[in-house]
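The next block holds one structure in the form of structure tokens; read it before the comments.
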Amino acid sequence: MCCLSHSCVVCVSPEEERRVRANDREYNEKFQYASNCIVTSKYNVITFLPVNLFEQFQEVANTYFLFLLILQLIPQISSLSWFTTIVPLVLVLSITAVKDATDDYVSKEKWMNVRVGDIIKLENNQFVAADLLLLSSSEPHSLCYIETAELDGETNMKVRQSLSVTAELGDPNSLASFDGEVVCEPPNNKLDRFCGLLCWRDCKYPLSNHNMLLRGCVLRNTETCYGLVIFAGPDTKLMQNSGRTKFKRTSIDRLMNTLVLWIFGFMVCMGVILAVGNAVWEREVGSLFQSYLAWDLPVDNFLFSAFLSFWSYVIILNTVVPISLYVSVEVIRLGHSYFINWDRKMFCPQCNTAAEARTTTLNEELGQVEYIFSDKTGTLTQNIMSFSKCSINGHFANHHLDDPEEEWEERLDFSSFNPLADPDFCYYDNGLLKSVKLGDLHSHEFFRLLSLCHTVMSEEKKEGELMYKAQSPDEGALVTAARNFGFVFRSRTPGTVTVTELGRPVTYTLLAILDFNNIRKRMSVIVRNPEGRIRLYCKGADTLLFERLHSSNNHLVNITTDHLNEYAGDGLRTLALAYRDLSEEQWEEWSERHRQADRATDCREDRLADIYEHIEQDMMLLGATAIEDKLQEGVPETIAILSLANIKIWVLTGDKQETAVNIGYSCKMLTGDMTEVFIISGNTVLSVREELRYSNYSISGEFALVINGHSLAHALEADMEGEFVSTACVCRAVICCRVTPLQKALVVELIKKHKKAVTLAIGDGANDVSMIKTAHIGVGISGQEGIQAVLASDYSFSQFRFLQRLLLVHGRWSYLRMCRFLCYFFYKNFAFTMVHFWFGFFCGFSAQTVYDQYFITLYNIVYTSLPVLAMGIFDQDVPEQRSLEYPKLYEPGQLNLLFNKREFFICITQGIYTSVVLFFVPYAILSHGTQGTGEPLADYQTFAVTTATALVIVVSVQIALDTGYWTAINHFFVWGSVGSFFTIMLAMHSQTLFSIFPNQFHFVGSAQSTLVQPLVWLTIVLATVICIVPVLAFRFLKLDLKPQLSDTLVRQKTRKPAGRCMGGVRVGGVPEGRLGARGGFRRSGYAFAHQEGFGELITSGKNMRLSSLALANFASRHSSSWIDTLNPAPTAPLWFRHDYTIYTMDHMS
């Protein structure tokens, strides 16, 4: 259908208008419009090498080592071979390049190629991959049903319709000859607006967003449709809302770049000091040896000798930051990524999907997250609505038992009672079904309202198999509930609604639909029953509907309000139901006024609203419903635990305010314990500013902030963004609703700018791609909305609850391990390198090395590399269960306590202290020491072996102290490295190697003769004790005087927890979905579409088609086959009972 990859490029078009001619590629190619092929990869075959090398040399260390390599190629200043630098440098660059190429290749997604001006065919459930002008469809009047979850997060269906002039183009031949030309606006990111003209057959037809199918939509309940490509590739509105791909680097990476510069400056200072010493020594002392130890060419004076000495020391001292550091960091990150991929506790068996680390560069930043920005639809919820509870005439009905100590009831079997029941419908309260069977009039009227008051379309392709097309999932859930309780909505025409009531087909005359909108928050229908009685049925937000009830309902309102409060505490989406009987005269009078308002040319919407308001008065309350928007498993617990870890969670959704707020309560972001929930809904800059300031001044206690997209647009302006951030960041929860994909990214960018905090964005649809790319860490949910979010993400899994484990276990451990690795790495290399600095004062500043070149080469590659790698990959301070039980353990990463500039200076100070001990203790002892034969020990080879041996032992003991979690691998690497040192050293000083390579191994037997001396071992032991004892003393004092939470946990006896510990205070087990107190107030859950409903389409008859089955024939075959199973019911229908409002259901309990 089209060639498309997940876009990372936003094209800013210079067009002033766009002209597209159908089926004329030659004409359209003159304008050089973008193709529908979007390349998400950063590289291609030609640009890979230069671009990748450019990115890698942005790392200061890589540039630094390239500079050292150039120096080592100059023989006059290099005392080390050039291969000691070029081999590891090429290795690092190669490994990183392969990793980058693999990541870039995996992120590609390919589609077929289409161009602007092409006409393409779409089929049901197919993804719309370009912005199309709808030309025709298989539905009546060329209607088209779409789902826009990828664009705005809403799963309710929306309607699009082609122009009537193109509706007849239904066959390929007509479409192939279509030569209309579209003149429209240039590419932009406005998802809700389109302006253009279709010029065809000398006529011009206006185009609007109602005629467009945007990329990211999914075709639903429409067999086929045809569309003309208007915008393709990066010009599509969805791609215009996608952010530019950014090169993500962790805060530790940025800090390391700074530290490398500092270390380089420190190294230059040491080089200057030693060069000055060289100049002084050559002038005062070296000149005395010129007669038999002349300067090498081209040195002819002490200043030039000092200059060369400076560069020689730069090369010798470069090991303070060896290139093996970056190799080790990449290996550790790769290991952490594999741990995430292999984690069976983050595997979803239902989806057969494992967690995936799609990048290896951000693992430790998972342990530093402070803000999470989450999508709602498909991320927090499953997009499944279910009929949960109801209140009928003051009586409470529940779909399951609330008492956990009672046995769970079996799921009700509706099939024996109702052959038209939906087999997937789940309900447990037998009392409600019994009341229907026994003929309770209130229950009948309750479900009769649900079967009539809606805009659902019904399709029956096979006998008895109904398929409902609902504009809102809530409506679908309510109509399905009525269907299972015996009131089955079967079909509709523009003027009738046919319902099967307890096996009896009943056709109602549909007199009017008073449609829903965002202001009314309710909808009504006026119907006439077969007996001729007229009744208005209304359902809507309880806060508005209760104001329009008859005064005789006060007692019932109080009871129903209590039920609604309970529903609200459980986070359910609520509706109130009411009715009103109308006389023929009242209907005729109102109908005439309605016709006049409907025909008005000015203020039509306002006139209709007034007419609707007039008739929706003095209604009688029937009850209330509660719909559960099913959360994903573990969402409330996850949010509660992450909140205790001091992580702030913001919900950014394209859905409307009521839906978003209800989900906020369901997942316990919002609770009844909050002092207030501030609603920012101003439409002007001044009103938004006033609301923000009022909220800011009123904050005292726990607050939440809810802001819609229009208000957010003003709040994000430069002169107001500071006020918005200061207000939002002190609130416990923030919900941004009706936001565009671009606004999501702007909110994330705002927090990054003002709070300097690590941000994480999580979503599952294409509308989340922009914020996923903008955040420091992007997480994609592989759910119902495709894989666009996954392709743009850094990490992916299938359930929101896995985020808890990703951050509190893998993220925290990755941060801890990386910090411990870096602290130890800088320590051991300063201890190793600074010995050269002290030796310079005793060798005439001649750039002579303390150790032989093989030890220098192998120190970071063999002797000390594997132990620190094992610590960096496997170490942990507390087990994973404790990490989840004590969320406060996560805070050190947020505060950046484990590796910062202070910790770095502590590490290098310890390293410098160790180097002082390792040089001066052997120097002091060996300079006066003698062998057993009386010969002195004060020779260069003995000193080098002693110092090297002491160094390896000290750093090995130090890593043994630093390791908090020992595995067999740790033991093998630590003690194996010490053993390898002695093995290699003895081999290099052996007679065998000397006989083979006499020019390479000069000091034959030096190690053997040195290590047999007791004084040497005494020196090594003394140096080790002096280095380690102060460290042990400091750590013991710190444990006693200022222990951290992890230290306390380690010292505790291992015992099975009695419950989940929240923030360091252990609490008992809390059942999922019951965290927090119930709210003491109700809120509307009227979660229908934010646009006008299908009412006008239904009454106009545009979306009607003949049923595929004859309902009359079906009804005759099912007249009384299952109604006979019921107990005798009252004979008088509810239509004629005037005591309805005082009738009680004493038999219901």
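Just so it is clear, glycine is given a Cβ too, placed from its N, Cα and C backbone atoms.
Nobody curates TrEMBL annotations by hand; they come from automatic prediction.
Among the features that TrEMBL reports, active site, 4-aspartylphosphate intermediate is placed at D375. Summarising the annotation, TrEMBL assigns ATP binding site to D375, K376, T377, E475, F516, K539, R573, T653, G654, D655, R738, K744, N767, D768. Sequence annotations record features per position, and here TrEMBL assigns domain 'P-type ATPase N-terminal' to 20-86. The domain 'P-type ATPase C-terminal' annotation in TrEMBL covers 790-1043. Summarising the annotation, TrEMBL assigns transmembrane segment to 64-93, 259-281, 301-327, 821-842, 854-874, 904-925, 940-961, 973-994, 1014-1037.
Here the transmembrane segment (904-925) sits against the transmembrane segment (940-961); at least 3 CB pairs are under 8 Å, leaving out pairs fewer than 6 apart in sequence. By the Cβ criterion (under 8 Å, sequence separation of 6 or more), the transmembrane segment (940-961) is in contact with the transmembrane segment (821-842), since 3+ such pairs are found. Here the transmembrane segment (854-874) does not touch the transmembrane segment (1014-1037). Their Cβ atoms form fewer than 3 pairs under 8 Å, with each pair 6 or more residues apart. Put simply, G654 (ATP binding site) is 8 Å from D375 (active site, 4-aspartylphosphate intermediate) when counted between their Cα atoms. Taking each of the binding-site residues R573, R738 in turn and counting other Cβ atoms within 10 Å of its Cβ gives the largest count for R573.
Ranking the binding-site residues T377, N767 by the number of CB atoms within 10 A of their own CB puts N767 at the top. Counted within 10 Å of its Cβ, the other Cβ atoms near G654 (ATP binding site) come to 29, all protein chains included. Packing against the transmembrane segment (821-842) from elsewhere in the chain are residues 252, 256, 259, 270, 274, 277, 313, 316-317, 319-322, 325, 328-329, 332, 848-851, 859-860, 864, 868, 871-872, 898-899, 903-904, 906-908, 910-912, 914-916, 918-920, 923, 947, 951, 954-955, 958-959, 962: each is 6 or more residues past its ends and has a CB under 8 Å from a CB in it.
Summarising model confidence by region, the domain 'P-type ATPase C-terminal' (790-1043) averages a pLDDT of 91.
Looking at D375, F516, the recorded positions in this record, the fewest other C-beta atoms within 10 angstroms of the C-beta turn up around F516.
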